[in-house]
Amino acid sequence: MWRWSTGVRTMLGYAMCFLALGSALTVRLHSTRTNLPQYLTREIGDDEFEELLRSSASAGHKWHVEQFVDGSRCYVPETEQNMAPVPDDLLERGIKLVEEATVGKKLEYLPISYWGYKFINSELNKTVIQHKDQHQVLLGSMVKADPQTVQHSLERDEDSYYISERFGDGDLCSLLEEDRTVEVQYRCKYDTPLEIILDLKEYETCRYTMLVSIPSLCELPEFGPYTRQTPANTIYCTAPATPEFNIATLVEAYKPTFLGHGFYHLAPHANLTHKETTAMLMYHQQPIPGNEEDDGTMDSAFIKHSTMAYMQLLEMGLLNGPDGLPFSEEGNFTVYAKVIGFDGGLITVTRFQISHGEVIIDHVVPEVLEDMEQGNSEDYEQQAPEQLDEEEAELTSQSDDPAIMRVHLQEFITPEYDAIE
C-alpha cells in the first residue's frame with residue numbers, strides 16, 4: 001500500500017505551514033498559529049497549559065483557546081487594547097493622501113504564481129483585476145461618484161490604524177453564484193518608498209484582501225506603527241504535534257504550485273530520478289469527513305474545490321498524456337490523483353474525467369491503488385481502470401450523491417475564464 005515515511009510526512013507538514021504563511025490579512029482563520037494577533041507569544045508544555053487554564057478560570061480572567069490543525073493550542077487573553085485617540089477627520093485626511101498618491105496610476109503585483117494583479121485608480125472609479133496573458137477576472141470595483149459603492153472605513157490592528165475600502169461588483173463566482181468582492185487596505189510602510197501592492201490573498205472562495213503601501217500615510221502618526229499605549233498581552237501556546245524539519249529538503253525534492261481553493265500541486269524536480277507520482281495534490285483546508293453520520297456537505301465542498309484545482313492544472317498544462325503532451329479540455333481522458341494533507345498523510349484518491357464536454361470527479365477507495373506504489377498520471381490512466389471494476393472496489397459515492405461533481409465543461413471554461421483561478 002502507498003505509504004509516506006515519517007520524515008516525508010514531517011517535511012510536508014512544515015512546508016505546508018511555510019507556504020500558507022500570511023494567508024489571512026484581516027480574518028482570523030484557525031489553520032496555523034501565524035493567524036493569531038501579533039502579541040507576545042510564549043511556548044509552554046501541555047501540563048503548564050492545563051494549569052494556566054485552571055488558574056485563569058479561578059481568577060475570573062477572560063480568555064479563549066484556539067485549536068490548530070498542527071495539533072497545537074493557544075491561550076489568548078481577551079483584553080481590549082488601548083489605542084491612542086485619533087482626530088475626528090483622520091479618515092478624511094487619510095483618504096485624501098491615498099487619492100493624491102494613487103489617482104491616475106496603475107499598480108501591478110506579479111507574485112511567483114500563475115496570476116498577476118492590478119490596482120487601477122482612474123478619475124471615475126477604482127478596480128482590482130486578476131490577469132494572465134489575455135485572460136482577466138474583475139475581483140471588484142468602486143464608482144467614486146456613487147455613494148452606494150463607496151465603502152471606506154478607518155480600521156485598526158494591534159499596532160496601528162489603516163484605511164479599508166471594500167469593492168463589490170466583481171465578476172460572477174460560479175461556486176458561490178455571487179459577485180466577487182475585494183477589500184483594499186491602505187497602510188503606512190516606512191520601508192517602501194513608492195506606492196506598491198504588498199500582497200493579495202483569497203481568504204475565502206472569491207473573497208480577496210489586497211494590501212497596498214502608501215508611504216505618504218506615514219505623514220500622519222496615527223497610521224504609523226506602535227500607536228498602542230499599553231503593552232501587548234502574552235499568548236501561551238503548546239508545541240505543534242508535527243516536529244520541525246529542514247525546509248530545504250522539500251525544496252530539493254518537490255516543486256509546489258498553488259492552485260487556489262486550498263490545493264497545492266506537488267511535482268518532483270526534473271533533475272531527480274525518483275518516480276513519485278506527478279498527479280499528487282496537497283490539501284491544507286478542513287479535511288473531508290470520514291464518518292458515516294456526516295451529511296456530506298463538507299465532502300461536496302471538497303469535491304467542488306478539487307474540481308477547480310484540476311481545472312487549474314489543466315489550464316496550466318500540468319496534466320500530461322502518455323505522449324508527454326498536455327491534456328486539453330477538448331479531449332476525453334481520466335486522471336487519478338492522490339490527495340495528501342499538510343502532514344503528508346493520505347486523505348483520499350480522486351478520479352477526474354473529461355468526457356464529451358462533461359467534467360466528472362469523485363472519490364476512489366484508496367485501497368484499490370495499493371499495487372500502484374510508483375507511477376505518474378499516465379500510469380494511473382492505464383492501470384487504474386483494470387483495478388476499478390465494480391466487483392473489486394466500490395466508489396465512495398454513487399452518481400446521485402452530492403459528493404460527486406458532474407457538470408458541463410462550459411461551466412468552467414468561459415471566454416473570460418471566470419471560474420478558473
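Residue numbers in this text run from 1 along the chain shown.
The backbone N, Cα and C atoms fix where each Cβ goes, glycine too.
As the structure is a computational prediction, the values presented were derived from the model and not from experiment.
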Study note, to complete from the structure: Among Cys173, Cys188, Cys237, Swiss-Prot lists the disulphide partner of Cys218 as Cys188
**Study point:** Disulphide partner cysteine [Swiss-Prot] for Cys206, chosen from Cys173, Cys237
**Key:** Cys173
Point to revise | Cys206 (disulfide bond) - helix vs strand vs coil (DSSP) | key: coil
Review point. Cα distance, Tyr208 (mannooligosaccharide derivative binding site) to Cys218 (disulfide bond), nearest Å?
Key: 25
Review point. Which whole number of Å gives the largest C-alpha distance between any two of Trp115, Arg180, Glu202, Tyr208, the residues noted as binding mannooligosaccharide derivative?
Key: 16
Exercise for review: May I ask which of the disulfide-bonded residues Cys173, Cys188, Cys206 is closest to Trp115 (mannooligosaccharide derivative binding site) if we compare their C-alpha atoms?
Suggested key: Cys206
Study note, to complete from the structure: For Cys206 (disulfide bond), the same-chain residues 6+ apart in sequence with C-beta under 8 angstroms from its C-beta are Gly170, Cys173, Leu175, Leu176, Glu178, Arg180, Thr181
Point to revise | Secondary structure of Cys173 (disulfide bond) (DSSP, helix/strand/coil) | key: strand
Exercise for review: Could you round the CA separation between Glu202 (mannooligosaccharide derivative binding site) and Cys188 (disulfide bond) to a whole angstrom and send it over?
Suggested key: 22
